[in-house]
Amino acid sequence: GGNQTQTKFVLLGITDSPCVQAPLFGLFLLIYIVTLVGNIGIMVLVWVVPSLHTPMYFFLTHFSFADVCYSTVISPKMLADLLSENKTISFAGCVMQFHGFAFFATAECHLLAVMAYDRHVAICNPLLYVTVISSRVCWQLVALSYLIAFLSAIIYTGCMFGVSFCGPNQIDHFFCDVSPVLKLACSDTHSSEMIIFALVALNGVSTGTIILLSYIFILRAVLRMCSAQSRSRAFNTCASHLTAISLFYGTIFFSYLQPVSSHSSLDKVASIFYTVVTPMLNPFIYSLRNKEVKSALVK
């Protein structure tokens, strides 16, 4: 790595206006609580209700787990900084925060692809579903998602913090993200930027392609359904899932698939969506619109 002489960084946060920080703290605290209650609630519900012991909900529990973890990596520090004048974070803390975020965010991308593939098999090949998506295959797909995410996060973190930091230490962001941290580097960051760009593109495009193809086949199967009610229900489900996926991927791509010099203040807005808002919305989109989950909640 580089010669890091910085022992700590200062996170400038979302805003420097004192009159706005208290209302933002209340808003983001509420969002974080809803995120925890919604996602942990789904995990507990799937665990205690036998009728939900299916591959779809197995993948959903891991998806909710990733949501809880990568939101928790960011939100508590962000909330504390909104009420505190001391907004410093140690160099090691910055490394750990980014690594945790990169790991769980990348895992979520791959879990989204796994969930889309699961729905594709269930709708397009229902007779082969039990054979194709067996219990062993479920564990293998989840383990592979976490393995790819872990290796990717190691590379992201190594590229990001393997340069020299010997000048300014103020990070113009509310967490240790790629662009604002690399702006503080004293050494050349071009190779690090290119590796991060390529790996984000590889993870994003590969998982995005699987999701897109899965939903294309699903929509083709839905259009062949005889029942208008079945088509309407399937279209509503697909539309909800694709909305959440578009929000997550759109903001991720906006933040990471551009050069460091091109980043602007809009990055913070995009970051708020994929680190704070999307984890809160996912339980409602993926579960609470589902009749099986509603029935399990009532029981």
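Here the Cβ of each residue, glycine as well, is placed from N, Cα and C on the backbone.
For 38-286, the entry in TrEMBL reads domain 'G-protein coupled receptors family 1 profile'. Annotation comment: TrEMBL describes 24-49, 56-75, 95-117, 138-165, 194-222, 234-257, 269-288 as transmembrane segment.
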Range from 24-49, 56-75, 194-222 with the greatest count of C-beta pairs under 8 A to the transmembrane segment (138-165): 194-222
For the transmembrane segment (24-49), distant same-chain residues with Cβ under 8 A (at least six beyond the ends): 14-15, 57-58, 60-61, 64-65, 67-68, 71-72, 75-76, 78-79, 82-83, 276-277, 279-280, 282-284, 287-288, 293, 296-297, 299
Integer average pLDDT (0 to 100) for the domain 'G-protein coupled receptors family 1 profile' (38-286): 86
